[in-house]
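Notes for the one structure printed next.
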Amino acid sequence: MKAGLRQSMAWLHTWCGLVCGWLLCAIMLTGTLSVFREPITRWMEATPLPAGQPGGDAAWLMDRATRILSSRAGDAVAWDIALPARPDRPLHLAWTGGDGRSHDTWMDPATGAEQAPPPRRATEGGRHFMSFHYTLHGGLPGYWLVGAISLCMLVALVSGVVVHKRIFKDFFTFRRGKGQRSWLDAHNATGVLTLPFLFMIGYTGLAFFYTSYMPWPLHAVYGGDDGAYRRYQAELAPAPPDAAGARPGQGAGQALYPLLLRARALTGQDAAHVTVEHPGATGSVVRVLGRKDAGPAPRLLTHASRVVFDAGSGAVRQVVPAFEARMAAHHVHAAIETLHKADFGGWTIKWLYFFSGLAGTAMVATGTLLFALKRRKKSEHEFGAATARVYHGVEALNVAALAGIALASIVYLYANRLIPPGLAGRETWEIRAFFGAWALSLAHAAWRGPTRGWIGQLALAALLCMGLPWLNGATTGMHLWAYLRHGQAQQAALELTVIGFGLALAYIAWALRRGWARPAAAGDARRAPAAAAPQRAAHRWQVASRVLAAAAGGYGVSALAMSLLARALPTVGVSPAVAVLAATLSSFVLYPLIVLGVFSARGAGRAWGALALAGALCAALLPAWWF
């Protein structure tokens, strides 16, 4: 470690950013793509384009759906009608029989007759990018690894602000064609441009799973048994009384379409699902679930509305509005989820998140590239005799983490069109193609070297992006013009965006080839004097000790301190549930600050001593608040 706060923070910023930057690039890019997970899924399902025959009148459609369900499932426990977002798409009708088994059928919107299920490819679609974003498709270990990387992202952001004293001034400085200086300017510019967004996205990513990553305040207040979380949620957000269910016997039934109109007037949302419980029975109820993305651009706290009617009289039994009238404690986590997933503000916010995510990914990418460029000019001999091999591995990982993840993402879309639609488990093969392409990217970079790896993989990714619309037309008969002609704006936008990516990747590959074709100036490659073996061993011990102190000690102190806070807040009038919420969310601020403190301490021993003192103090005070 280096003396002085800024020097320590510079070391932390460099190595925290490098070690976590490779996976962080992949996590951020897939998270950026998952903003448009629904359009990606629609494109990958390859549902045939509508024939253009308009659907029937809405009242007539609901009457036809009711007739089909009455004839097929008059004695069912419940009916469910899923209404499509577009009037030319078929309706999905489902019912639950008396034996508890589920059945379904589809209804043609033009004729009102039953039809076969619309053909669509089995695929994970955009959900693959979302699952990779928060678990790396690695189950529980991947889930915790993503959490650790998110924490490191916050640490790297704070340490970067400390290091770059002129960061806001440098935002307006870009020196093109200056090699390492240009990369640093790009790193600073993208970092400042997206700094608030990156802090928000990193924090909300941790707070999204707040009681999983930091369960100790919850256990301190509600115990460690399986019912602790249920009791916490019941106190934080008491469930509204549900409408009474149906009673056996015969009862009159209301036409469904007028109830949909009344639900629309009450909530402002069009209907997405209609459920009839115990149709025809006395006290039967009709539940109308609204479509969240219908109507005006959603506010931050928006959800699908729900209206419950008495099926016989049409009386309103319950209304759950789409918009919350005021904020309450139980809305905090919902707001965090909404902020992280961009589930508000309509398409404008989604595009803003998309471009901010790309800029944030570029910020991480330029940071990892800066390390390699600096070490090419001046090696610090950190790894002794293995330093050259480590640097080569770093450069190969840079290629795979940046160019490779982009290549794997477009290969995933190609696999969707090339894998036979009828193949069993084809969605799994699509994901295997993604990981296979990513692994081959790393192998190629290690074999061919960074220069050829960068140019070759970026050029291949650009070529695949430009060719995707033609592949789509050849395999499905759909193409960009057909999407536009049939009003399929989301699928058309996806192909246009992929073409835009292809042009950008082609330009980057061309620029790198042009820049690296210039002969390097003689004498650039220098090596710092190698430290003596005892000094290297002492330095490595200091680093390992601090990393352990930050990881284990920092987490332990955060858990104890926030458990103490959760026990103490109820003594000043805060409800136990709100105390748990506040303490747990605060832990994701405290923990990064402890990590920064560990690495800014003058020695590893002092860091351990401070953590031990803080932990002992919290442990001593905690029993006083336990009873």
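Using N, Cα and C of the backbone, Cβ positions are placed for all residues, glycine too.
Keep in mind that TrEMBL annotations are predicted by a computer and have not been checked by a curator.
Pulled from TrEMBL, these are the features on record:
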- 12-36: transmembrane segment (TRANSMEM)
- 142-163: transmembrane segment (TRANSMEM)
- 184-210: transmembrane segment (TRANSMEM)
- 351-373: transmembrane segment (TRANSMEM)
- 394-414: transmembrane segment (TRANSMEM)
- 429-447: transmembrane segment (TRANSMEM)
- 454-472: transmembrane segment (TRANSMEM)
- 492-512: transmembrane segment (TRANSMEM)
- 547-566: transmembrane segment (TRANSMEM)
- 578-600: transmembrane segment (TRANSMEM)
- 607-626: transmembrane segment (TRANSMEM)
For the transmembrane segment (578-600): best-contacting stretch of 184-210, 394-414, 429-447, 454-472, 492-512, by Cβ pairs under 8 Å: 184-210
Region pair the transmembrane segment (454-472) / the transmembrane segment (184-210), three or more CB pairs under 8 Å: no
Leading contact stretch, 12-36, 184-210, 394-414, 492-512, 607-626 vs the transmembrane segment (547-566) - CB distance under 8 Å: 607-626
Interface-richest range of 12-36, 394-414, 429-447 toward the transmembrane segment (351-373), CB pairs under 8 Å: 12-36
Intrachain neighbours beyond the transmembrane segment (394-414), with Cβ under 8 angstroms and 6 or more residues off its ends: 18, 21-23, 25-26, 29-30, 33, 43-44, 128-129, 365, 368-369, 371-372, 375, 430-431, 433-438, 441-442, 444-446, 449-450, 453-454, 457-458, 460-461, 464-465, 468, 471, 498, 501, 505
Contact set, same chain, for the transmembrane segment (184-210): CB under 8 Å, 6 or more residues outside the stretch: 31, 134, 143, 146-147, 150-151, 153-154, 157, 160-161, 164, 167-168, 170-171, 173-175, 178, 333, 336-337, 339-340, 353, 356-357, 359-360, 362-363, 366-367, 370, 581, 584-585, 588-589
